[in-house]
Amino acid sequence: MTTFLIKHKASGKFLHPYGGSSNPANNTKLVLHSDIHERMYFQFDVVDERWGYIKHVASGKIVHPYGGQANPPNETNMVLHQDRHDRALFAMDFFNDNIMHKGGKYIHPKGGSPNPPNNTETVIHGDKHAAMEFIFVSPKNKDKRVLVYA
């Protein structure tokens, strides 16, 4: 399974568990931050064709919309949680540079800014625009894209 960083394309910041813990508590919010360290590495665990779990490598927890709803409303925070279920499935779109929840919405920086400050929370939202694009890059080279479905 490929290990990667999730990089906000517009700002160059990376998805992190808030506080940077190697074993964050359930429901720890996911934020954007400029730091790079081993506590913000992810892997993609394919479950059903293009759908899978985005796993935080250090803790084994996975990315969820807060509350684990199948169709979360706009502005629902993105968190890490230990539970695995179909309401925590995502597709990683290399061609359009987005991360889509199985409910049809996308991961965004809260507020939709193209250059959010450090510790900006991430949310689920239905809009599509350049400020919600993410790319998947190597921990060894933050400018080198990697295939997460490998």
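Using N, Cα and C of the backbone, Cβ positions are placed for all residues, glycine too.
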Practice task
Given that Swiss-Prot annotates H64, G67, D83, R84, H85 as D-galactose 2-binding, name the residue from N27, N118, N119 that shares the site.
Solution key: N27
Handout entry: Environment of H16, G19, D35, I36, H37, N119, the listed D-galactose 1 site - residues of the same chain whose CB lies within 8 A of the CB centroid
Key = F14, P17, G20, V31, H33, S34, R39, M40
Completion exercise
Once DSSP output is merged into helix, strand and coil, H108 (D-galactose 3 binding site) belongs to strand
Handout entry: Minimum Cα separation from H108 (D-galactose 3 binding site), reported as the residue among recorded positions D35, G67, N74, R84 that achieves it
Key = N74
